[in-house]
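Database features (TrEMBL):
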- 1-20: signal peptide (SIGNAL)
- CYS30-CYS46: disulfide bond (DISULFID)
- 60-210: domain 'Cupin type-1' (DOMAIN)
- HIS108, HIS110, GLU115, HIS156: Mn(2+) binding site (BINDING)
- HIS110, GLU115: oxalate binding site (BINDING)
Amino acid sequence: MANFILVLCLLAFSYTLATAFEPSPLQDFCVADTSTNAGRVNGLPCFDSKLADANHFYFSGLHIAGTISSSVGSKVSPVTVAQIPGLNTLGISLARIDYAPWGVVPPHTHPRATEILTVLEGSLYVGFVTSNSENRLISKVLQKGDVFVFPIGLPHFQQNLGNGFAVSLSTLSSQNPGVITIANAIFGSNPPIAEDVLVKAFQLDKSIVSRLQTQF
């Protein structure tokens with residue numbers, strides 16, 4: 001009997017893992033209804049499919065370079081369910097990334113998506129870090145037309161290796177991949193993480209931790 005209960009528990013756990021990601025649609029499409037506060041299971045509520053038209057599946061503007069004003073020298077222009085309501089439940093999205101000379105997309109993770117990056121212009125140094133305890137850096141310099149994959153959940157980064165501007169296009173395996181920028185999350189959390197925790201975790205002087213927290 002105990003073995004039978006254990007098997008049931010393992011099956012239930014496996015089912016939970018299998019359904020943790022966006023499931024296959026049970027209808028042709030589910031255009032997001034952003035006007036309602038109805039409960040959400042895994043996506044946004046759908047509105048009447050008979051009211052859907054081409055504009056619900058359309059976005060224009062990825063040919064326009066993003067305005068780079070960040071201190072890190074990059075601009076991400078997302079195309080998720082927020083921009084295309086018809087992406088709801090389909091498990092895919094895009095992002096255009098513009099890079100200033102030597103600009104970076106700092107180390108970050110996507111908790112809900114694998115990312116496939118294609119270089120459209122310029123040369124990029126990209127990489128990701130594997131999980132503990134190996135923490136191995138897997139990196140490569142990419143040229144125009146090259147493609148690189150960042151596995152789901154792993155910290156990764158991009159850097160423009162030139163004096164000109166660079167552009168890449170990313171496809172992500174979620175309508176809402178999420179993003180956690182490591183430095184912002186650690187040193188810019190709200191409320192702040194206790195300084196003593198960060199001092200021990202990063203083996204830094206308390207004054208340095210305090211300065212970093214003011215920057216983020």
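Each position is counted from 1, following the chain as shown.
Using the three backbone atoms N, Cα and C, a Cβ is placed for every residue, glycine included.
Rounded to a whole value, the Cα-Cα separation of HIS108 (Mn(2+) binding site) and CYS46 (disulfide bond) is 31 Å. CYS30 (disulfide bond) and HIS156 (Mn(2+) binding site) are 31 Å apart (CA-CA, integer value). The disulfide-bonded residues in question are CYS30, CYS46, and the one with the fewest Cβ neighbours inside 10 Å is CYS46. It is 23 Å from the Cα atom of CYS30 (disulfide bond) to that of GLU115 (Mn(2+) binding site). All protein chains included, HIS110 (Mn(2+) binding site) registers 22 other Cβ atoms within 10 Å of its own Cβ. Scoring each of the binding-site residues (HIS108, HIS156) by how many neighbouring Cβ atoms lie within 10 Å, the top position goes to HIS156. Mean pLDDT of the predicted structure over the domain 'Cupin type-1' (60-210): 96. Listed in chain order, the extra residues whose Cβ falls within 8 Å of the Cβ center of the Mn(2+) site residues HIS108, HIS110, GLU115, HIS156 are THR109, ALA113, PHE128, PHE150, LEU154, PRO155, PRO177, VAL179. In this structure, the C-alpha atom of GLU115 (Mn(2+) binding site) lies 26 angstrom from that of CYS46 (disulfide bond). Cβ-based neighbour count (10 Å, all protein chains) for GLU115 (Mn(2+) binding site) stands at 22. Put simply, HIS110 (Mn(2+) binding site) is 25 Å from CYS46 (disulfide bond) when counted between their Cα atoms.
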